[in-house]
Amino acid sequence: MSERRRAEIEAKRAKLEELRKARAERQRAETERRAAEAATPSKAKRLDVEWIVNDLLGPELRSSPASVDHTPITSTPGTPSIGHTVSLPGPSSLSLSTSGRVSRQSDVGSDRYNSNSTQVFTINSSTDHVIDRAITPRFYADLIDVEQELFVLPQKERVIYNKEVQTTEVETEPTWRREEDAKDVKQRLSKEVVDVEAEQLAREKELEQESIKLEQEIEQEIRELTEEERASILSAPEFLEFVEMSSKIVQRALNDNYDYIRDYTVGTESGGDDSEGKRVKRVCEFHDERYGKNRSITDVDWSPKFPELSVASYNKNPAALNEPDGIVAVWNLHLLERPEFVFHSQSDVLSVAFSPFHSNLVFGGTYSGQILLWDTRSRHLPVLKTPLSAAGHTHPVYAIQIVGTQNAHNLITSSSDGTVCSWLVDMLAQPQETLELVHGGHSKTAEVAITCLDFPASETTTFWVGTEEGHVYQANRYDRAGAKAGLNQHEVYRGHAGPVTGVHFHPIVGPVDFSDLFLTCSVDWTVKLWRARSLGASAAAAAAAVTHGGKVGSGTGGLGSSVGIAPIYSFDEADDYVYDVKWHPAHPALFGMVDGSGKFDVWNLNTDTEVPAVQTTVGSGRALNKLQWDHKEGRRVAMGGSDGRLYVYDIGDMAIPRESEWADMQKTIVGMSGGGGSYGHTQTNGVVLPSSLSSSTSTSLLDLGSSSGIMGR
């Protein structure tokens, strides 16, 4: 069960517990209220009600409900009541108003003096009777004197405060109406209480049902899965895809070597090592026992769009009969334990390349001659492949390269039988062009066994190929001025005593153009530097050969009228077969090479031409078959070994050229050319190589192109 599902269940359990607590609280509060009501005497309730009624109505009105005068007894202090009189004790018949004046009873007209000296309001009393008992003048004079003394009586009452003080006079309703209103209020209150209790009961019932439902859901969700259900979930394609993607993301994050506890307040040491900027350090090593066991890496390449992605091709694993013969793995610098993508092939994959214009396409050449196209958006199998027919390749394809622009580009492939094909990347059913590279000077067969191929920078027609016999030839895809389509029969770049394993032209960077320089490597333990001839020079050499009747190429070992071109320089520092060599993409004088002893050498021609600038033993010392610089900065280099491991190294500051590197490189090339011999002779650094040695050596090494190619085992 996933963590999210567990969290949902825990939330439901917490909600259920809250509902139970709220219900218990309500029940306890209701019990306490009922107990308090039962403990209170009924007499106390009656007294409370009477006190409230007396407070509202007043005792006089409650004792005399039939009284006509409904004016409140008390009033605002300092404001005399209108028409309200107070009787004074004594035998006199005077009445004193609350305003402080003494008036005669004749002035009242409707009052009668009783025996208790209390004046009673009587409506039907006789006026003449009151006049007969008129007050005497003496008593009237005394009352005049008392009038001034009694004026302060209302001030003494100001110290008494109750609920009616400082309130305006309001006309109250009759008591019988108030009792009816009280009954109505009680009925409404009783009804509201009943409604509230019914609503609470309904709410409690609803909460109880919800809690029961939650318990059932929790019980259903946490039940144990059966073996069949578990197996069906684990084998579902959606589940497998989710696990694949999520585990890759987690592994990328875990493989990130960022220092999360770095202290930025601590400065670095000011002193530096003398060898700083010249050291080569290993970045990572890619290997998966599942895919790379008993396999060798035959080719490597970097993604042109994603600098962290590299691709490697693998040959057959003889011990695994049920696994595919060829494998292509895309590795990520942030995912070391396993490849990002794995592609399968029915034959050994000998060459591989990313498409420079479509980052999700990968091309591969196989031992059977098929050209395969994989898409990272698809599964393991190729999305397109060439047919196994005579229309394409029928021999091992050791070299592939994409030339052209974004809108017009082709895939160029070459096989060991001398066939060069041009393909449209979206149509591999048949090649767009096919060239048969043959040379008439060969004694046994006219075919040229191609082992490697490369185009000069910004060139889409003319290319150079390395062969098993040790020679390098120029070829053209189309007929052009001074040259025909196919192999150039008049020029042979001779210098190696064994099969050529790699050829690479100088990239166009910087103010000086060195695109006519190219490097080759061979199993004769050497790397050679060449200058490619232009088409005009090739035509002139061909005319000269015809003029001399084929005598010019007499030292070429039976190649007829071919002109032998010698290398500019030879680097003889290697101690084993040299399997690959590549110019640096940014530094004009830098190149790297790998050999059969597991050494990676970095040469800087502006520094030294006799020994490499840096030499490093990679891995366990097994042979390194291929190398490739990254396309972005050239700081990293990927190397494929015969042990099935892909190594990535960083050369540091050596990859950053100075402004004077191009001028220094120009001077270096001029110095090398001055020490070389003339054209038409096979020589190495001015020393003529006998043609018999060249022919015999190349013939003895023709059988090295086995099922695993000329790569080291």
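Using N, Cα and C of the backbone, Cβ positions are placed for all residues, glycine too.
As the structure is a computational prediction, the values presented were derived from the model and not from experiment.
It is 691-713, from the ranges 208-230, 277-299, 691-713, that TrEMBL records as region 'Disordered'. Ranges compared are 19-43, 169-193, 619-643, and TrEMBL records region 'Disordered' for 19-43. Beyond its flanks by at least six residues, the compositional bias 'Basic and acidic residues' (19-36) meets 200, 204, 207-208, 210-211 of its own chain at Cβ-Cβ distances under 8 Å.
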